[in-house]
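Following: one structure in structure tokens, then a few remarks.
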Amino acid sequence: MMSTIIPQIIFFTVLSFFVIGGIGSLLFRKNDVLANRWSSFFAIFGSVIGLFFVALIIINGYDISFSLGTLVLPLFSVSFHIDKLSAFFIFIISLISLFCSVYAIGYVKHFYEKYNIGFLGFFYNMFILGMLLVVSSSNWLLFLIAWEVMSITSYFLVIYDRQDPQNVKAGFLYLIMTHVGTAFIVLAALLLYKFTDSFDFRVIQANSSLIPLSIKNIIFIFAIIGFGTKSGIIPFHIWLPDAHPAAPSHVSALMSGVMIKTGIYMMIRIFLYMIWPVPVWWGLALLILGSISSLMGVLYALTEHDIKRLLAYHSIENIGIILLGLGGALTFLSLNMPTPALLSLTAALFHTLNHATFKSLLFLSAGSIINQTHTRNMEEYGGLIKYMPYTALFFLVGSMAISALPPFNGFFSEWLTFQSLFQGIALLPLYEKLIFILAAGSLAFTGGLALACFVKAFGATFLARPRSAEISHAKESSFSLQVGMGGIALLCLLIGLYSGHIAIFLENIVKDLEVFKNTTSFMSVSGQSIVVEKGFGSVSSLLFFVFFVLVIALVIGVIKFVINRNQKIETGSTWDCGTDLAPRMEITATGFSRSIIMIFRGILRPSIQHDIEYHDAQSRYLPKSRTIIFGLHDVYQSYFYQPLYKMINAISSQTKKIQSGNTNAYILYIFIALIISLLFVLWR
Amino acid sequence: MITNIITWILQLIFVPIMAPLCVGITRKLKAKFQNRKGASIFQPYQDLQKLFGKDEIISKDASWIFRCAPYIVFTVTIVVGASIPLFASSINNTITSDLLVIVYTLAIGTFFLALAGIDTGSAFGGFGSSREMTMSALAEGGFIFSLLTMALISNSTNLFMISQNSLLLQGHFFLSTALAFCGFFIIVLAETARFPFDNPSTHLELTMIHEAMILEYSGKKLALMEWASANKLLIFIAIASNLFFPFGLAQDLSASAIILGIIVFTIKIGIFCLVIAILESSIAKFRFFRLPDLLIIAFILNVIAIILIY
């Protein structure tokens, strides 16, 4: 008895830390320093206890549930159910919150006396609380409340820097899109309720055989739209590249690293837990969506020169990669092949963890840069590695991890995803095989394009000479920012080095799901190597790293001590063809990716707009200034959202005709409606 | 045990020792085609020796990325060179010989090479990096998929396992192997900066890719960069010859088998150098925006090859 009560108490302690942190910082809102310290302190300790809680659950194998019904509302009950899958997501939330909160201590300082810090602390803590509730609740009504807490608080965080009208606009778009998504989630929940008579996840699971297949398909589509909007799956992503950059950077890190994963969590929860078994086309549809999101996400990222928008588009790309794992798992399972499905879902969870770490690292480093340079435009950066060496190092680690370069963590989850897709290509019949080939192909191109994109991002930001005067005033960020970034950077390396053990650990979490009970595993760890299907593929990150380091030490040693015969190293200027080198002669972020954009112009639809302003408008001989605007035609706006908007507008204007403003007419409408419904009832 | 150690040492040093020779042979053959006498095939070794003895000039705009990049790029080629089948397929390396590890380890080299190109702030270097990343991004699909075709036929993604396979050129696998090889050969030309993708013998031409990135290097660092690019050429030739034509590799670690393996592999290198030299003497460099077509063809050939495996 004791053993089941203690974890529950710890869980509520975690929640209460965030509540106290939020309300406390609201109470201290008059004092900026105190409010910031209070909220960060409680967020840090809440996260640490959260990590402790997860360790306790997973090591001891607890399966915690807690339910408190209310008499007033019979359908609503405060019920939590934390199995290993929930615990894994609580782990990600706590881990990233921990580093973001450490980072916040120093980062929030630049908002002092500009905005109210108390509100920031309140919404920040409530946001983390909302995410924790989302992944632990097991009742649809409680879940929807938690979902709204998460969405609304993140909305307020997006518009926190409200003096910039762009941010308010981005926040508004986010608010609309997230509620469109929520509407579809509500519909899905109501459909589930209609056929199973319950809002409780476990009751739904027990009665899922009562749901007919056609309804399941509708629920699938609603869930994809609803949770896909939150996760930023293309074409429901349009809010994401606007909203994530608008928020303060430590919040962007949480939103991009963690919040969008709650959509993935719910997809796993619904498809593989609540309404299992599912038809084959769901998995294939997810694979296609994942391919599109990953490839298009990275292509749009290449076109960006706003550093945070670039990172936001990479979140879309990585959600696509996670979907490739999830879609593979669904396909294999519905074709009754649980062994490769286990591998796919493990890969998806591994990439979820990895993306959370390196994406929050990149957002935190971007925040550290923006804090010093006061701009998000990469064209105004350049040469920052000399002014901010630590930030540069952390950004480099993040770039290498997200580009899937070994030995950092991104490589190993992509490796597992690739291996699971290869299994699909090897094992499945032609039709499914083609979709797996498409998925593997898009993953291969995504890897290459992501590498190009991060060469561009790192090169334009940190290398060469400063392109604006602001840069030379930049200083390295303060200690708390460095601790926040450095901690995650170290984590990226460590997760990479111990990827074998972590992969096995994640596989155990997946095996905890009902559908994977008694599944034999494809994956094993021998020594430090991950081995897939008896030697189909194997890799050892730790030994790779040791080998690499030994060789590089050998090379440097030979060069420095054997070959070196005291040659001089002089410092000169870059070869300049006889003219003085100006910052404008360096390659820019736009110029760097221009060739890729031109190659993909069929999809990206780049636009060029020339403008010449003349000294004399009549004679037009002497141009005063010329401007060229490079842009993109937003295909989603013009082919999906604009027609939708026009249609809704047209329906509304038709509806307007019966709105006369005359009370008598409205009474007539009510009367007609009454008659019709009576007739309807009688006819039934 | 001793043969084991000797084999491993041979495996580790084979690529850096042989790579300059490979470049020398190609240059010599090209010279013959152009009716020139050409430099000795050992000229690249002398070039390296000369560069290692020279003083260096480093741009004042360069950061530690520029200084470290040559070591990282060179190390990458050594690590990859030790992880691919060269003369023996019986070495059992389950640590770094996975095809994706090879692809992404080479990507580390490309990443740092491109960053070093940007680092000095010269327009040449920047555009070289931009072009290199464009090419390598588009080559990635064909690269992974051509190795994947081989992996699916031999049911392992480990390159040593693939090179042990003798099924490749038999029966219904023949067509897949042939298509995959055509695709891979295009990738070899793209990744090693040969015609029609890049011109390895020009400097200061507006179209150059690889040479533009290393323009600011001098002395020892230039030597390392040149050596690394020679290594890369040999690595790709080795993958092409030992995965798609897996005969003559030592199947056990006896001295005679290994010596035979080295001889056969040297002959294969010679044939590939000849093919590259003929190709470079007979076709012109493509316009930059024509290159993606070739790379996409490489990818599509491999998709067809994979579909044909059953």
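Any Cβ shown, glycine's included, is placed from N, Cα and C.
Long-range contacts of the transmembrane segment (A:6-28) within its own chain (CB-CB distance under 8 A, at least 6 residues past either end) are made by residues 34-36, 38-39, 41-43, 45-46, 49-50, 52-53, 56-57, 62, 64, 66, 80, 82, 94, 117-126, 128-129, 132-133, 136. Summarising the annotation, TrEMBL assigns transmembrane segment to A:6-28 (among others).
Residues 3-4, 6-8, 10-11, 13-14, 17-18, 20-22, 24, 79-84, 87-88, 90-91, 93-95, 97-98, 101-102, 104-105, 108, 121, 124-125, 128, 132, 138, 509 of the same chain, all 6+ positions outside the transmembrane segment (A:40-65), place their C-beta atoms under 8 angstroms from a C-beta of that stretch. Per TrEMBL, transmembrane segment is recorded for A:40-65 (among others).
What TrEMBL records for A:76-110 is domain 'NADH-Ubiquinone oxidoreductase (complex I) chain 5 N-terminal'. Cβ atoms under 8 Å from those of the domain 'NADH-Ubiquinone oxidoreductase (complex I) chain 5 N-terminal' (A:76-110) belong to residues 11, 14, 36-37, 39-40, 43-44, 46-48, 50-51, 53-54, 57-58, 61-70, 117, 120, 124, 128, 131-132, 135-139, 141-142, 199-202, 248-251, 253-254, 257-258, 261-262, 265, 268-269, 273, 349, 352-353, 356-357, 360, 364, 367-368, 371, 477-481, 483-485, 487-488, 491, 506, 508-510, 512-513 of the same chain, restricted to positions at least 6 beyond its ends.
Residues or ranges marked as transmembrane segment by TrEMBL: A:115-134 (among others).
Summarising the annotation, TrEMBL assigns domain 'NADH:quinone oxidoreductase/Mrp antiporter transmembrane' to A:137-424.
Counting only same-chain residues 6+ beyond the ends of the transmembrane segment (A:140-160), those with a CB under 8 A from a CB of the stretch are 73, 75-79, 111, 115, 119-120, 123-124, 126-127, 129-131, 133-134, 167-168, 170-171, 174-175, 178-179, 182, 185-186, 189, 192-193, 199-201, 230, 243, 246-248, 251, 255, 259, 262. The transmembrane segment annotation in TrEMBL covers A:140-160 (among others).
Look at TrEMBL and you will find A:172-193 (among others) tagged as transmembrane segment.
According to TrEMBL, the feature transmembrane segment maps to A:252-275 (among others).
Long-range Cβ contacts of the transmembrane segment (A:281-303) within its own chain (Cβ-Cβ under 8 Å, at least 6 residues beyond either end) map to 220, 224, 228, 232-234, 237, 241, 271, 310-311, 313-324, 326-334, 432, 435-436, 438-439, 441-443, 445-446, 449-450, 452-453, 456, 593, 596-597, 600, 603-604, 606, 632. Taken from TrEMBL, the feature transmembrane segment covers A:281-303 (among others).
If you look up TrEMBL, you'll see A:315-335 (among others) marked as transmembrane segment.
Annotation source TrEMBL lists transmembrane segment at A:341-366 (among others). Sequence-remote contacts of a segment are chain residues at least 6 beyond its ends whose Cβ falls under 8 Å from one of its Cβ atoms, and for the transmembrane segment (A:341-366) they are 88, 92, 95-96, 99-100, 103, 244, 249-250, 252-254, 256-258, 261, 264, 268, 272, 307-308, 311, 314-315, 318-319, 321-326, 328-333, 376, 391, 394-395, 397-399, 401-402, 408-410, 412-414, 416-417, 419-420, 423, 481, 484-485, 488-489, 491-492, 495, 499, 502-503, 506-507, 509-511, 516, 519, 521-523, 532.
Counting same-chain residues at least six beyond the ends of the transmembrane segment (A:387-408), those with a Cβ under 8 angstroms from any Cβ of the stretch are 314, 318, 354-355, 357-359, 361-362, 364-366, 368-369, 372, 414-415, 447, 450-451, 454, 457-458, 461-462, 471-472, 474-477, 482, 485-486, 488-489, 492-493, 496-497, 539, 541-542, 544-545, 548. Annotation source TrEMBL lists transmembrane segment at A:387-408 (among others).
Feature annotation from TrEMBL assigns transmembrane segment to A:434-458 (among others). Non-local neighbours of the transmembrane segment (A:434-458) in the same chain are 284, 287-288, 290-292, 294-295, 297-299, 301-302, 307, 310, 314, 317, 320-321, 324, 327-328, 331, 378, 395-396, 399-400, 402-405, 414, 417-418, 421-422, 424-425, 428, 589, 592-593, 596; each lies 6+ residues outside the stretch with a CB under 8 Å from one of its CB atoms.
As annotated by TrEMBL, transmembrane segment applies to A:542-563 (among others).
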Contacting positions for the transmembrane segment (A:115-134) when only residues 6+ beyond its ends and CB under 8 Å are counted: 14-15, 18-19, 21-30, 32, 35-36, 38-40, 42-43, 46-47, 50, 90, 93, 97, 104, 108, 142-143, 145-147, 149-151, 153-154, 156-157, 160-162, 248, 250-251, 254, 258-259, 262, 265-266
Overall pLDDT for the domain 'NADH-Ubiquinone oxidoreductase (complex I) chain 5 N-terminal' (A:76-110), taken as the rounded mean: 91
Structural state census, the domain 'NADH-Ubiquinone oxidoreductase (complex I) chain 5 N-terminal' (A:76-110) (DSSP three-state): 27 helix, 6 strand, 2 coil
